[in-house]
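Here TrEMBL flags His134 as active site, proton acceptor. The feature Zn(2+) binding site is assigned by TrEMBL to Cys142, Cys145, Cys167, Cys172. Summarising the annotation, TrEMBL assigns compositional bias 'Polar residues' to 446-457. Positions annotated as compositional bias 'Basic residues' by TrEMBL: 458-471. Among the features that TrEMBL reports, region 'Disordered' is placed at 446-471.
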Amino acid sequence: MSLGYAEKLSYIEDVGNVGMTEYFDPPHVLQEKIERLAMMVKKSKHLVVFTGAGISTSCGIPDFRGPKGIWTLQREGKALPEASLPFHRAMPSLTHMALVELEKAGILKFLISQNVDGLHLRSGIPREKLAELHGNSFMEACPSCGVEYLRDFEVETIGLKETSRRCSDVKCGAKLKDTVLDWEDALPPKEMDPAEKHCRMADVVLCLGTSLQITPACNLPLKSLRGGGKIIIVNLQKTPKDKKASLVIHGRVDKVIASAMEFLKLQIPPFVRIDLFEVILTQALSIDRKYVNWTLQVASAHGRRAPLPFIKSVEVSFVDNQDYKEAILQMQPFRLKRRTMQAKSFELVLKVNFIDGCGCQSVEINIPIDFKVSIDCFNPDKDAVLQRLRDTAIQDLCCGQNAVIERTAFLMPKSEVTVYAIVTNIVQYIKSSNVLADSLSNGNVKRQRESVNGTGTSRKRSKVHRRKSRY
């Protein structure tokens, strides 16, 4: 059972009632400020962005000090809102994707986040240009060789504790640890050092959706001032650093950033989510060698014991063959055991049913079975395959496209493991009368999400570590 949002964030200090009131600049003032922001960003030589919980509220993840924030509701004795989508299905906001475009355009040089929701990394910000100061709920790291593993499920522990998985590097095999800090944990140097370095180099530090009250992180933007840098703050609440800023904007982050991107003539890219799963076929001859006893399993690409959070059930049927009974696999592990005459070959159909929050309800995959396990592996260019899937999803504006990205055969036991990549969500950010449209409900900003999706998401926040990464 995963930890609750408040528990995941217990390492953050509660600093009183400061900043709970929301402020909104008048429309004409807001537009003038947004144009100033855009010009400062355009002229910048070394832009650093510093983000907090406020950039993820439009993803359905509550902040702390807003009217519906975690700490606000707790002080008022109110229950935390029930999430309509699980945390692991949260999609990046317009602001997340705008930052991706700014990085690709060469404008954004480094990004620092206090969130543990992992959305910056998932949105496409390069790992080497990101510091997640407080950790990442979806990241495990190897304390021995430093490899990081980005998961599609929430890691079950916090406080840099050992998890139930090991490093997959055959030369290592050490037990992995979570990356989310607890109360007593200091900010990791591998995150803080590059963050401090880039803040000192920055001529503009843009603070988005943060109250700038959590030390020592909140003092990072101030390091730009010694070198003549300027601070911009976009937040609905006042912050203790407002007097140090060259520009303070009180407005919804997504609306401010959408207008600034329009002024900069930069397009906000769509977000395409691709998830992975394995199909494992294991076989063995019966004692009399007349039959093949075989097992088919749909499993996580992150390890046999890892959860598969985005799949609800699997239906197995057989093409043009009445000899085999259909099956519905409703509980993990999704496993089917059957016996077949050795000489027989056939084709089965896997109907993979997805949970709410995915952009399509199901996908069907045909799998030919002939029990001939080749010793040859199939390893196409993974990045090229994933990029083709993204391009096709954007072109077709729908989910469900899938492709094989790896196939490996084993002789003992005789088995074949095929890794599939599938597009499970696509989010487009559409400009409409100076705002946008969205199925996730986003205040003044909307995103249009393709196909069948839920609304809202669960509760949490973001970190880093270097620099070897594995999908």
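In case you wondered, yes, glycine gets a Cβ from its N, Cα and C as well.
Other C-beta atoms found within 10 angstroms of the C-beta of His134 (active site, proton acceptor) number 27, with every protein chain shown included. Each residue contributes its Cα atom, and for Cys142 (Zn(2+) binding site) and the residue listed as 'active site, proton acceptor' these two points are 17 Å apart. Neighbour density at the Cβ, taken as the number of other Cβ atoms within 10 Å, is lowest among the binding-site residues Cys142, Cys167, Cys172 for Cys172. Around the Cβ of Cys145 (Zn(2+) binding site), 13 further Cβ atoms fall within 10 Å across all displayed protein chains. Between Cys172 (Zn(2+) binding site) and His134 (active site, proton acceptor), the C-alpha separation comes to 26 Å.
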